[in-house]
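Remarks on the structure that follows.
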Amino acid sequence: MDGVIEDASRFTLPSLPPAWSPPSEPASSISPLVQRRLIPAGAAYLAHIKRTLNNHTFDEYDQQLEEERKRLELLNADGLNGEDDLGVGDEEESPELLLLDAKEWKKQDHYQVLGLSHLRYKATPEQIKIAHRKKVLKHHPDKKAGASHTTNDDAFFKCIQKANEVLTNSERRRQFDSVDPICLSLEEDDPSASDFKGREKDTAFFFKTFAPIFEREARFSKKIPVPMLGENDDSKENVHAFYDFWYNFDSWRSFEYLDKEVNEGSDNRDDKRYTEKKNKSERARRKKDDITRLRNLVDLTLGLDPRIKRIKQEEKEAREAKKKTKGGMSAAEQKAKAEEDKRKAEEEAQRKEEEDKVARAEAKKAKTAAANAAKKARRQQRAADTDEAAPS
């Protein structure tokens with residue numbers, strides 16, 4: 001090693017060529033040094049960050065990229081035979097559906113338009129996205145051009161776009177779900193007391209009839225979880241908890257979707273205010289009717305519930321059994337017990353009388369308020385009719 005260093009120290013550079021001359025000084029001065037901040041960016045840096053955060057090796061990261069690429073290829077594929085289509089968007093399209101008028105989009109069933117009738121409010125955002133893509137690929141005007149002579153292709157495509165617009169907006173989807181046409185038709189078929197005439201003791205029929213109804217109504221509850229109807233052998237506590245919840249049901253259901261639209265070409269503020277006021281009044285009326293409908297449904301269920309009859313029978317038997325045990329009590333104890341029961345009965349009767357009195361007062365107040373509201377509505381209607389009849 002020392003020999004190598006010694007040989008290197010004896011090495012001499014070649015002489016300069018005769019024609020060489022030193023470079024001349026630059027005409028302009030060299031610009032001053034400027035300190036600049038370099039910000040890491042770009043695809044390579046982002047890949048480095050992802051690997052670091054996920055603690056991946058280069059091979060693991062490349063494998064993840066390949067899996068993501070394959071997944072996106074499936075999602076962006078034709079969508080008709082792909083394995084990742086979640087089985088949505090393939091429902092049969094009736095001739096009436098294909099002839100929908102895009103201008104009447106509020107009257108259309110958005111779930112049916114996207115082929116999601118079997119899922120409806122249970123459809124996930126991913127299923128809506130895939131169903132929309134399938135419909136677009138099938139009914140896009142550019143793809144249909146030359147392949148079909150149907151004049152309504154463009155109109156139905158607009159219906160598809162409107163359905164996707166509504167169902168991908170959480171607020172507007174909730175408004176549509178509140179007035180889902182299928183849900184409204186099912187509500188019209190809700191059972192009445194006459195449907196159970198002669199079948200009051202048919203326990204299986206009771207649960208088969210009411211269980212699906214409460215499952216349907218549960219989706220409107222602000223409070224989660226929602227107790228379901230349960231089974232015939234439920235305990236007294238569970239049965240009472242069920243009716244306590246449904247008698248105090250807090251619903252998020254709204255009816256803005258049915259609002260009357262303000263005329264687009266109208267700039268009259270009075271017309272807009274009148275329409276908004278009327279819409280607000282209609283929403284309140286529909287909300288009140290819906291609360292009444294549900295309360296009547298719970299009343300009917302309570303009156304027919306075989307578990308209530310069973311619980312009352314068990315309580316009666318318990319009272320009778322308790323009476324039989326009085327034989328071992330002394331005369332003084334029996335007398336004290338009888339006086340205590342009498343006092344409680346009097347208090348209960350007084351309490352019930354007060355409750356009945358309050359209930360009658362509330363009913364009278366509600367009846368008066370309803371009559372006043374009806375009078376006010378008639379006056380407003382007459383005023384509106386007068387304004388419309390007056391010459392402009």
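Including glycine, each Cβ sits where the backbone N, Cα and C put it.
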Candidate ranges 1-31, 94-124, 125-155, 187-217 [criterion: TrEMBL lists as region 'Disordered']:
1-31
Residues of the parent chain within Cβ reach of the compositional bias 'Pro residues' (15-25), under 8 Å, 6 or more residues beyond its termini:
none
Just to be sure I understand, if DSSP states are collapsed into helix, strand and coil, how many residues of the compositional bias 'Pro residues' (15-25) fall in each?
0 helix, 0 strand, 11 coil
